[in-house]
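Chemist: Take a look at what TrEMBL says about it:
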ACT_SITE  E239  active site, proton donor/acceptor
DOMAIN    3-150  domain 'Histone acetyl transferase HAT1 N-terminal'
DOMAIN    249-300  domain 'Histone acetyltransferase type B catalytic subunit C-terminal'
SITE      W162  site 'Interaction with histone H4 N-terminus'
Amino acid sequence: VRFPEDLEDDNTTFNPEYSHQVFGDDEVAFGYKGLKILLYYIAGNLSTLFRIEYTSKVNEKFDCVEADDVENKIREIIPPGFCTNTDDFVSLLEKEVNFKPFGMLLHTYTVHNEEAGEDITYQIYKADMTCPGFREYHERLQTFLMWFIETASFIDVDDERWNYFLVFEKYNKDGATLFATVGYMTVYNYYVYPDKTRPRVSQMLILPPFQGEGHGAHLLETVHRYYMSSPTVLDITAEDPSENYVKLRDFVLVKLCQDLLCFSPGKLMQGFSQEMVMEAQQKLKINKQHTRRVYEILRLRATDMGDAEQSRSYRLDVKRRLIGPYKKKQRELAKMRRCLRPEELTNQLNQIDLNMQHEQLEESFQQLVSDYRRVLERLAQA
């Protein structure tokens, strides 16, 4: 909500992707007709208005069943101090002009908005719990995780090894410059013996009204650039990354790596090398596993897939990596032959059908090439 009229505007409304963490696996609130759970956030500081509406509710006295305590379930997520009536919320909205982003400005960029017909400015900040007011703001911000990340959990903000990176949109209201929350990322700094750290991306969320505009890529690249300048950082990883995050990371890392000398077309055609691993880690804080994916994507760009020899060489190179888990199964099978009885061995053999493995390998390869092509298409447009 930026203006009072946004309260009645359906265009500013967005719905949760998940609600199982609040309402159970069935995602059902029992005992209501016409139930609406309404959460309004002021665009910048995320002050909250919470209301529940319904046309009727079961009654324990007459219906012999009890309705779910929806209000209490929501109260367990949103921090205390929220508004319950519109007038209080609108009066807070008038003070929004005083809200400023927390922490240190790292990056400013613009995105062209077709609807508005103009470039809109965004900024990325790094914050921590020592910033006045940030702790309370973060409590409100993390409530979005429950609705948009499938396995979300709130973090221990008293642990000083957390870093917070925030994206804000700058907009004008009555001649003043205001800021709207776009999204954020939390990163935990793990200790690596003897004197390094390994930042691990924990949570990343771009709010639905801003998705598909490239903010995730700007945020991830900014975070990489922030840690790249630190001599104590070994490499950057992610905790349990989603499929979408992996695609985003592929794009950002390829963009960062494509100008390194070790990824020149001539060197790509010679195969994956230790030089690539060393240069990507030392200059860009990228680990070996991610560097390998970058190599495969850039080699695909350098390969003429219409040329039978080049295409075959690329396919074999990628499949040699993909076959790793299958080879592990073969080694396990060799062990089984030595210690299992014949009927047990037959059981295991049925699970490891070689033809099926070849089919799965080809399927994995085709899926990977399809994903890589999308990264390259996006890179060509960047």
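Quick reminder: no glycine exception, Cβ is built from N, Cα and C everywhere.
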Chemist: For a quick check of understanding: among the recorded positions W162, E239, which residue's Cβ has the most other Cβ atoms within 10 Å?
Modeler: W162
Chemist: For the domain 'Histone acetyltransferase type B catalytic subunit C-terminal' (249-300), what's the mean pLDDT in this predicted model?
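Modeler: Mean pLDDT for the domain 'Histone acetyltransferase type B catalytic subunit C-terminal' (249-300): 97.
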Chemist: At the level of the C-alpha atoms, what whole-angstrom distance separates E239 (active site, proton donor/acceptor) and W162 (site 'Interaction with histone H4 N-terminus')?
Modeler: 14
Chemist: On the DSSP side of things, how many residues of the domain 'Histone acetyltransferase type B catalytic subunit C-terminal' (249-300) fall into helix, strand and coil, could you say?
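Modeler: Per-class counts: 40 helix, 0 strand, 12 coil.
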